[in-house]
Amino acid sequence: MKMLLLLHCLGVFLSCSGHIQDEHPQYHSPPDVVIPVRITGTTRGMTPPGWLSYILPFGGQKHIIHIKVKKLLFSKHLPVFTYTDQGAILEDQPFVQNNCYYHGYVEGDPESLVSLSTCFGGFQGILQINDFAYEIKPLAFSTTFEHLVYKMDSEEKQFSTMRSGFMQNEITCRMEFEEIDNSTQKQSSYVGWWIHFRIVEIVVVIDNYLYIRYERNDSKLLEDLYVIVNIVDSILDVIGVKVLLFGLEIWTNKNLIVVDDVRKSVHLYCKWKSENITPRMQHDTSHLFTTLGLRGLSGIGAFRGMCTPHRSCAIVTFMNKTLGTFSIAVAHHLGHNLGMNHDEDTCRCSQPRCIMHEGNPPITKFSNCSYGDFWEYTVERTKCLLETVHTKDIFNVKRCGNGVVEEGEECDCGPLKHCAKDPCCLSNCTLTDGSTCAFGLCCKDCKFLPSGKVCRKEVNECDLPEWCNGTSHKCPDDFYVEDGIPCKERGYCYEKSCHDRNEQCRRIFGAGANTASETCYKELNTLGDRVGHCGIKNATYIKCNISDVQCGRIQCENVTEIPNMSDHTTVHWARFNDIMCWSTDYHLGMKGPDIGEVKDGTECGIDHICIHRHCVHITILNSNCSPAFCNKRGICNNKHHCHCNYLWDPPNCLIKGYGGSVDSGPPPKRKKKKKFCYLCILLLIVLFILLCCLYRLCKKSKPIKKQQDVQTPSAKEEEKIQRRPHELPPQSQPWVMPSQSQPPVTPSQSHPQVMPSQSQPPVTPSQSQPRVMPSQSQPPVMPSQSHPQLTPSQSQPPVTPSQRQPQLMPSQSQPPVTPS
């Protein structure tokens, strides 16, 4: 076995001659002609948002595929480098349509794979269904959306002359000799099953032979390259690797290295790319695509070369391959870059052979050995892959037009088509006439924002605001409250956040959850496993000391429901003496942040907080800045400077002013004046409402003052009249106010009661007048009518017993009545 391995290590360095192959890809089985049918739902329910579903009838049955648009497949401004006839480098940034590349699965097959592109008039890509791979592409000139589906033959005879090679050095071979006896253990090890999410930024170089094969058609070449990258990304996605096309170079005139010998070609290409590609743009690996034959090899890649500038490379041949088989070959050699060996007989996957088999079959699945190799290499040696595209510099060479403002530039609007729409910046990286800025939080409509304009608001009680200074487009740096300042009930500000155990439990398990008792922390965080620990070192969980148990994993209680968790998150439940403890685990393969770790700055006792999984005294955060230093009129920021309250000025909050700090920019000075104006406006509105109410009251009371009120009988007297009407005096006469002037009347006359200002005409004895309302006409009444009792203050002349006088309301006028 060792002898075979030695021959293998030496064999990859043998020279391999190559020549131009002008052969077209060959399919080994007739295609099925299918018409994809779009559906809106399946037998298992409606299609979820963002997913599309199609029926593809081929292979004797109907397949339902579900696909979704991919994100982060190409660099935002993909650079494409070409050469002039004189050898000068040209750069272009072509438009790349990024909403037509899909990934998905086949309904009913959980291990299926679908990778399709719809950018060029139909489906183009591969499908892995029930251990068989298929390639699909549109039927040329079809008017009915017809497609051709080819089965990618995986028989051994097809690939008997097409092997894979990888470049190793003596150290790598020696390591394999040492590990060869552990192959049995290796086959059952799935330590690589959980892996961190990684981004491989790849630069592709097209050699002149492949460029000629595409008849120098740049557009067609780019179309196929985008499809290849989409397929490779889908294949590597199952191990948590994202492939990002970061750049492209085409050798338009001639090959810049000699590609005719395996050993020399790979070394020459790795050296060339480290001297030419690396200075132009940062990347993780670079592959050279060619049509030259490599003595029966599908390509050759540097083993464990990722993140090493002079070794992160590979050469892959396009000779006699379809897009599907070539994409699988690229993924195979990327696997070598990521530390994967060729599969041995003891390696297994769900198919007879796996993608890292030496024969490079059209299979998309990785074996247990590949997972182990990948994990062993990448866990400590490929930290460059953990950085996202947003944390890396795309271009290392400073130049105008790259969209990055560099030294000597006033602005940079990027490509010409973007500059044409920019009102503030010109294509030569200078400002337009009349503009003072082109970007920044303190720039609006090509002008600086005025002094005191807030450019970054505080987001919580541990944050501080910043204001523009009126002379720059930049907003001051983001400052926040000094670490260790108390917040909420028992918390402390730490790095712009106020962490609280109860809130952390509620974020994980929902409303009602609270931090658990001390028992849960002691019992679980001292285990030193995925459920409870105080950190990870060298892939080993660290047990918490008793003094640090509050700073390990968060432990919760009062959990009534288990919410949906992210991938690979497991909820753990335990009981200790009728105490329920709830928590989440963490393993080395989780892609996102650990929601279950106790955050730094969380309280772990009186005057103690958690820092780096240890419970320390709060005095460790002390500085020369304190509330007393700010004269208790402000608070310290993370630069240990006073951020003064309103009405006081920095640096020490001793002088009257408008607040802020020496770091935050000048706060607005019109705040008090505005408040006074608002108060005046409010008072005026209230005064206006009061005047309106007073006016309406006066208007209603005016007619009442013009009328003379008649004093009505008291309630007691009214009740007396109603209860004993037969006891009225023989002569019932109205009472008159003392100031009344009453003319004499005859015994037969009947007089109504009148107010002092009234004049009463004489009436005949038979005249009888009823009680009427003002302005009413008085009909005659019988003499037997009774009269209301009058107040004692009135004086009344004598009348006859037959006289009955009705009471009249004020302002009534009594006309004379003739005797009946």
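Glycine is treated like the rest: Cβ placed from N, Cα and C.
As recorded in Swiss-Prot, the features of this protein are as follows:
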- Asn217: N-linked glycosylation site (CARBOHYD)
- Asn320: N-linked glycosylation site (CARBOHYD)
- Asn368: N-linked glycosylation site (CARBOHYD)
- Asn428: N-linked glycosylation site (CARBOHYD)
- Asn469: N-linked glycosylation site (CARBOHYD)
- Asn538: N-linked glycosylation site (CARBOHYD)
- Asn545: N-linked glycosylation site (CARBOHYD)
- Asn558: N-linked glycosylation site (CARBOHYD)
- Asn564: N-linked glycosylation site (CARBOHYD)
- 625-654: domain 'EGF-like' (DOMAIN)
- 675-695: transmembrane segment (TRANSMEM)
- 739-747: repeat '1' (REPEAT)
- 748-756: repeat '2' (REPEAT)
- 757-765: repeat '3' (REPEAT)
- 766-774: repeat '4' (REPEAT)
- 775-783: repeat '5' (REPEAT)
- 784-792: repeat '6' (REPEAT)
- 793-801: repeat '7' (REPEAT)
- 802-810: repeat '8' (REPEAT)
- 811-819: repeat '9' (REPEAT)
Of the glycosylation sites listed as Asn368, Asn469, Asn558, Asn564, the one whose CA lies nearest the CA of Asn538 (N-linked glycosylation site): Asn368
Helix, strand and coil counts within the domain 'EGF-like' (625-654) (DSSP): 0 helix, 9 strand, 21 coil
Folded-back contacts onto the domain 'EGF-like' (625-654), same chain, C-beta under 8 angstroms, at least six residues removed: 464, 479-483, 485, 496, 660-664, 667, 671
Candidate nearest Asn320 (N-linked glycosylation site) in space, where candidates are the glycosylation sites Asn217, Asn368, Asn558, Asn564 and distance is Cα-Cα: Asn217
Asn558 (N-linked glycosylation site) and Asn469 (N-linked glycosylation site), distance between Cα atoms, whole Å: 50
Fewest-neighbour residue among glycosylation sites, criterion Cβ within 10 Å, set Asn320, Asn368: Asn320
Cβ neighbours within the same chain of Asn558 (N-linked glycosylation site) - under 8 Å, at least six residues apart: Gly512, Ala513, Asn514
Residue from Asn217, Asn368, Asn428, Asn545 whose C-alpha is spatially nearest that of Asn564 (N-linked glycosylation site), among the glycosylation sites: Asn368
Candidates Asn217, Asn368, Asn545 (glycosylation sites) - the one closest to Asn428 (N-linked glycosylation site) by CA: Asn217
Asn545 (N-linked glycosylation site) to Asn368 (N-linked glycosylation site) - Cα separation in whole Å: 36
Other C-beta atoms that fall within 10 angstroms of the C-beta of Asn469 (N-linked glycosylation site): 19
Long-range Cβ environment of Asn217 (N-linked glycosylation site), under 8 Å and at least 6 residues apart: none
Number of Cβ atoms other than its own within 10 Å, given for Asn538 (N-linked glycosylation site): 7
Lowest local Cβ density among Asn545, Asn564, which the record lists as glycosylation sites, within 10 Å: Asn564
Number of Cβ atoms other than its own within 10 Å, given for Asn428 (N-linked glycosylation site): 13
